[in-house]
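Everything below concerns the one structure shown next.
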């Protein structure tokens, strides 16, 4: 039977009476006090007594609850009772152990460690600084005192899973707060400076390998930091030091970044413990894999922009910072959007994935200080197991927001069996571009050179360095002074789009006289025919001495995505780690620090490379030009790809007037929104709302001023790696203005090249203008898509503004 319907009005008589009684008990004493004419102080005394009784009972209950919780879960109870910032690593992580015995050992050895450091400063660092620059030839350390406070190790973690049986991997949580005193002097400029104290905190990885069957059982020791440590230096006389020629381009923050990033992977210190051990493999480290990051979109971000002094809430201008070890990428900024779509792709090398994470932070761009929008940390071991992850991740440290990522773990294969399949998957088998998604990784160990020529001056030893380039990406070695048989022992890596068509170009240069000492061009297709895709030999240099050689070990590894076989009901979510340090502390060392290019969406791969800390190598498109070819453009806007290795991204946005994103190597065209995003991006460029460095390709121009004809001569040679405006390609032409004149009569146009991304124009244009006048003008160069009559595919393909205030304008130059 159906239950009877509830009554229209229900009254809780018991509760009503109870409430009336409690109210009466509270009010009646007040009435009695007033009736008897007593003081109101008695009410206050009664209330104080009541509060004391309740607090005493509450404290007793709390202590009892903590005791019970301690019995049930000791670790969680400690975390709740102590501030997380005060906890050492062995409390946070159960597999991190205390190392007091090691701290006592270090304390006993500290005086001898200080002696070694002093010897290192005087015998290694001091001569290196003197030889680095003529202005520093009188540099010397006048006092070196590291202090009596030893280095402290807060915790040790030993890896037992996912490691080679012939190696031992340790992570040391180190902390050093030293009252050191280091004084230096540059006598030539009467400059004195120094360091009063140093603080360094971070995780140092120690690898003992290879393990051998003879004493001391360990062949070599490798030391490095997984991520940039927190470094603070208290300087004295820094302003005097930065006034010295050759150092005036630096700052306190830049110096700290350079020092910090020199300690970060892939930079490492290798100490052989047995003289006979073969440590060639240690000097030629092969990455464990490559992580391809599809930075797609975010949803429901916090609105940080406010108006009318916070009365009106606005939206945000979000961008992302992505970090893997010392490789940092910055996405483009999406204006006024809480659900931004970036659709960008980046590739990062992973050398040590046990303990290494993918770190992402989102910020709202503001004119002064960018607001924090959330963070994310993903364990790379999980990504390696799954090979392919396409998920939404909830952002940490904020109340709302989530991020959509697609992560691919690419395995390095020593055979070329799957190369054709990989080239087809990234569309590199048909296009002619030299940049885009990578199909292979080139690893190069630069050993030494022999019998180099003397350069311009006879009977004088050169200062040799090596320029290495693959496509548009270039890197350079360190300089070796006053020798024709230099030894470098340096490692370099290049992402390769298509090894069947690309070449490795090597040039040995004399830094002192800016001349070439020899060059070498090696087609990467030769490596495809070599055993294990590896060559290790002395290569003869062209345009050099008769016996000039360079010794290199070169290996090519094909990047293969090996998808795991999964059951249909398989579900997995990558392990997201919670940040172990505060938001403010992480942001100070995590934000991007090099001006780099704006990545537009493109359905064609475009130039880009990771920004890497700690190297003194330069991975820029400009470096592919010889240093003496022509003067640099007077503005960064002419650069189509960038990546500075001098530091960690290495100048923080807070120290820059302009923050620029890292160029995406390709748009994520797997999403239908990508094409629409590209069109929108191009319209923004055409309207002038998105100026900056844009990897939309390159254009080669010759610019000079003819004093006899009193004209500016501009030769438009060609373009390369333009984006495809439609499935059939683009129909590009070049339009020129000499700003501020934008009249129709001041416009110059080339002819239209049909259906090509690498058009050749070779057309000459002139502007009637005097030399003093032209140096106050700017050349506006735009590459546009013609598209034909009534076509919807008309639009801007790329744009560059070139200020002409250069003293070399009368001589002229040709440059991409």
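Heads up, the Cβ atoms here are built off N, Cα and C, so glycines get one too.
Record features, source TrEMBL:
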| type | residues | note |
| --- | --- | --- |
| TRANSMEM | 20-53 | transmembrane segment |
| DOMAIN | 95-274 | domain 'SMP-LTD' |
| TRANSMEM | 206-226 | transmembrane segment |
| DOMAIN | 273-393 | domain 'C2' |
| DOMAIN | 418-543 | domain 'C2' |
| REGION | 564-663 | region 'Disordered' |
| COMPBIAS | 613-622 | compositional bias 'Basic and acidic residues' |
| COMPBIAS | 623-637 | compositional bias 'Polar residues' |
| COMPBIAS | 638-652 | compositional bias 'Low complexity' |
| DOMAIN | 695-816 | domain 'C2' |
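Same-chain residues lying 6+ beyond the ends of the transmembrane segment (206-226) with a Cβ under 8 Å from its Cβ atoms: 164-172, 263-274, 277, 279, 282, 325, 352, 355-356. Remark: secondary structure over the domain 'C2' (418-543) totals 14 helix, 57 strand, 55 coil, with classes taken from DSSP. Across the domain 'SMP-LTD' (95-274), the prediction's mean pLDDT works out to 81. Look at the domain 'C2' (695-816): DSSP puts its residues at 10 helix, 61 strand, 51 coil. Taken residue by residue, the domain 'C2' (273-393) breaks down under DSSP into 11 helix, 59 strand, 51 coil.
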